[in-house]
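Taken from TrEMBL as is:
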SIGNAL    1-29  signal peptide
DOMAIN    92-127  domain 'EF-hand'
DOMAIN    131-166  domain 'EF-hand'
DOMAIN    227-262  domain 'EF-hand'
DOMAIN    272-307  domain 'EF-hand'
Amino acid sequence: MMSRQAFLCSLGSLYLSLLFVFLLMDVYARPANNSALKEKVVEAKDENEILPPDHLNGVKMEMDGHLNKEFHQEVFLGKEIEEFEEDSEPRKNRKKLMVIFSKVDINNDKKISAKEMQRWIMEKTDEHFQEAVEENKMHFKAVDPDGDGHVSWDEYKVKFLASKGFNEKEIVEKIRNNEELKIDEETQEVLDNLKDRWYQADNPPPDLLLNEEEFLSFLHPEHSRGMLKFMVKEIIRDLDQDGDKKLTLSEFISLPVGTVENQQAQDIDDDWVKDRKKEFEEVIDANHDGIVTMEELEEYMDPMNEYNALNEAKQMIAVADENQNHHLELEEILKYSEYFTGSKLMDYARNVHEEF
């Protein structure tokens, strides 16, 4: 397994774990580890979380270009995703699933169609958006100490470096006196990337100050069409090997040099390659010409794209549609509960009988 996950597991402090995740936010890792990192981030949310997260809820692709492996769970469960835990009581989880099923089944015909699932996915995606907006208000207050409604790059940089263990008063004094900041190379690289993203979030006319709305674009680029384009450019930049600003399948399924420790580690994730290949060929490459353009990737990345929501709905139905009627019955969702919730409900047939 990769050194980053091993390091994270060895940390004794959850807070330090969070800082380390964000320090490496632009260093790419295998998706299998990305899920583990995401769990630590979710567990450690606090008011000091002022850095753009690598994981964006309700978005199919991460900011680092990796597929969001839990996307279908996020857009099916919404806020309830944290309630479905491996050690939680199966009967309670079963009842929660039944409630969700009834909410998705708006015509009450005891089955879920692709259109009903599409509507639900769009609703849950918007829910993630609203949650991000509320969190942004808290984060903006943390970086706007004078409360003037605007944050300068220097103000943000102070809070960022303070979160890395630097003395905040010393940093403020050095910035005020234009003194050189002694920052390690890795932290400086992260700062440079953040500064680039900061400028992109600064809407015209540019003033190098971010208001609350612009700060939301900085933290959550999926909320802004302009920042979405910038995020696509970053992903293309990191995966595009021949510099043509397009992605071939081989580029899309490859990892940047230095991502994994050795070739053996790179070869073990066959399922990861299959997932990437399927997503590239069946979803992202809209015209199926073997090339993904920036425009195609942007459409794919747009969480409010209704066509993508319908396609995701059809894919989710296909996973559990045992009777091949292109709908989902409650029994099918309960049987494939691990796919929809991450938790496996035992003896689903007997329990369904008991419920009715």
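The count begins at 1 with the first shown residue.
Yeah, the Cβs are placed from backbone N, Cα and C, and that goes for glycine too.
Just so you know, TrEMBL annotations are computer predictions that nobody has curated.
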Seminar exercise, completed: On average, residues of the domain 'EF-hand' (131-166) score a pLDDT of 90
Exercise. Could you give the number of helix, strand and coil residues in the domain 'EF-hand' (92-127) as assigned by DSSP?
Worked result: 27 helix, 1 strand, 8 coil
Seminar exercise, completed: Summed over the domain 'EF-hand' (272-307), the DSSP helix, strand and coil counts are 23 helix, 2 strand, 11 coil
For this session: Could you tell me how many residues in the domain 'EF-hand' (131-166) are helical, how many are strand and how many are coil under DSSP?
Result: 24 helix, 2 strand, 10 coil
